[in-house]
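S.K.: Here it is, the structure in full.
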């Protein structure tokens, strides 16, 4: 039973970690997007980019490989047609496949090499940033990595037939160069085991078994007899230009890249041959390991052979090393096992126990810290291209989203909403861009004159900037240069305005190890820009102007941002939070000016600074959010972590504002007061209001609340709120509070009607709205409401805040409310690691029936 529990724990650990990779790792290579995700999108939805490798005259890529993933995706498409969900479904399938194959190799290593080697290998695999990046990637090199895991297990089990079948399958449908991993195994079968006939028979059998359907499928799609595996070998090996057209790198490229992804495992696994030769000379052998030192070295030989072959190739890519990624952890585990043997040999079993444990613990801690650091760095700071397109509004007509210099960061059509089409505009890049497949029944068979194998650009791929509805760009803060091929479009504010802004970190990984490890460097904004006449504006964070200093490392960057942002906050004139520069024409006489911030507001700000300054608490929150995002909304997470409290008005400001609006008039004889807060959150704002009412009169206040977040409902119950399922349960309320919910609910007009009907005839409503207006529904997949509060939206022309206020007050009066008074106040939110607090501009209105 204990063995069963142990195995279940190992399987679940691998699956959970690999699913984190599927959900949070980035697309680190544009080849993955354009050569695999885009053709897959075409197979599933009839639209997608085609590269020259898929042109019938070259036919370097296999549609058979795409259909390995397309078939389960097609089944899942019966459930939902949402591109983002299909994308992550395929990724999760890949992640689970990797986890199960890793588990199989773990079990085999336990039997053949001992439990110590297997356990070390497993722990190193789980902490490997390289496996985090590669395990869920839709790439033939990742597929080859899966085959490596299965082949190594078959090799150790002496299962010749399975190993040959796997190698044939990988070479024909995946990446033909992956057979290099099997070269030592083939040599062993032919020369040591003398199974020449068995090898030839099985190689022919599986070659025909896999080859015929693969060639048949590809030939149908390309419209002519096609063996994609031979075409890619011919292009890469037997042509004069080959892949060198796409860049060459020195060997240092792999050294730095592998150190980022495998850190201490790289150094230890490459040191393994030296340790083995030393062990062989000394005659040292671990009694728990059935492999001799030389057998262990032979088992590791695919890694060294692979590195030798690809290090001498001029064209280098990170993905080229994916097939041997599991061997870095294996080499480290075998090396540690040998070192433990050395210690036992020279110090004795008893005296070597502590130094062996210390040595193993040190290696695991270093691997874990560096590995997790790299995983978090890539997930948190380089994810902008995969989340930027969420800001695009739904539409029933075809819209164009344009990419210039950022074309290679496009995450794919799976992330575009329906009726959107990605386009490329002119930039400094002169090579060949992808082009859309012809959306016809034989779209894969058409030969186009704009494709070539020389990486020569063609104007067919370029789109007129003036026809772009939206533009994705990378804001570095430069001035707009009309004559540049790559102008900073964000500076052209007459044409473009922000639809969505996401923090993005620019890191040249070849520059230094620390930069790309801890994330570093230069923080910019990755943006979607929309033309003003089409814009659905969203709230966005102001981009701070950075000084010339650039922090090195994630920790340094956080402290630098914190100091810089808080310095900016210190310069803010907080009285402007409560001051109107210009009053709306129709409702200006009802404006009540609050003097602020008062003493209680400043106390809250000071507490927020102290809380956000607790570094380890905030770090725990950041890590927790990274994993909780998988199955919880941001509001649920805040409620679960007990963070993110809000502040709008202090007790004294509530008293002043309610008095100015006439709330307390004619209520001297009233002893009981029923109030309800819609979307009360954690209840902190409501409690301030309740304290105000209790101090003003000797009232018995009964406090009701509604809240969609289950974690926030728990917090409200802890504070003795009566939590209602919906507002319809409330009748004859004296005061209903609706702070910043109308622009976050599915239908604000229904909500306003429910508020009106739930009020007593002498009741009041206290409503707040953030302006400039932007609607976002957290729990909708589209994040769009059924109806917007202000209609029509987006407007034909840009509106001032005063015009938006008039529209808002007109809506309230249409429902039946009478505007008593209104004011301006800050909508404050508790800070985090990067800033002491955050704020938006709120407009608070008190109205009655």
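Keep in mind that glycine also has a Cβ here, set from the backbone N, Cα and C atoms.
Sharing the feature lines straight out of TrEMBL:
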type	residues	note
TRANSMEM	7-27	transmembrane segment
TRANSMEM	85-106	transmembrane segment
TRANSMEM	118-143	transmembrane segment
TRANSMEM	163-191	transmembrane segment
TRANSMEM	203-233	transmembrane segment
TRANSMEM	264-284	transmembrane segment
TRANSMEM	296-314	transmembrane segment
TRANSMEM	320-340	transmembrane segment
TRANSMEM	361-382	transmembrane segment
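Are these features on the surface or tucked inside, and what touches them?
M.R.: For the transmembrane segment (85-106), the list of distant contacts is 7, 10-11, 14-15, 17-19, 21-23, 37, 40, 44, 69, 72-73, 76-77, 118, 121-122, 125, 131, 135-138, 142, 145-146, 149-150, 152-153, 326, 412, 414-415: same-chain residues at least six beyond its ends, Cβ to Cβ under 8 Å.
Within the chain, the transmembrane segment (264-284) has long-range Cβ neighbours (under 8 A, six or more residues past its boundaries) at 124, 128, 258, 293-294, 296-297, 300, 303-304, 327-332, 334-336, 338-339, 341-342, 345, 363, 366-367, 370.
Long-range Cβ contacts of the transmembrane segment (296-314) within its own chain (Cβ-Cβ under 8 Å, at least 6 residues beyond either end) map to 113, 148, 152, 155-156, 180-185, 188, 243-244, 248-249, 251, 254, 269, 272-273, 276, 289, 320-321, 323-324, 327-328, 330-331, 334, 338.
Counting same-chain residues at least six beyond the ends of the transmembrane segment (320-340), those with a Cβ under 8 angstroms from any Cβ of the stretch are 102, 105, 109, 113-114, 116-118, 120-121, 124-125, 128, 130-131, 134, 137, 139, 141-142, 144-145, 147-149, 152, 175, 178, 181, 254, 257-258, 261-262, 264-266, 268-272, 275-276, 279, 284, 286, 288-289, 291, 293, 296, 299-300, 302-303, 306-307, 310, 313, 352, 356, 359-360, 363, 367.
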S.K.: The transmembrane segment (203-233): which same-chain residues, six or more beyond its ends, come within Cβ distance under 8 Å?
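M.R.: Hits for the transmembrane segment (203-233): 56, 58-64, 67, 164-165, 168-169, 171-173, 176-177, 442, 444-445.
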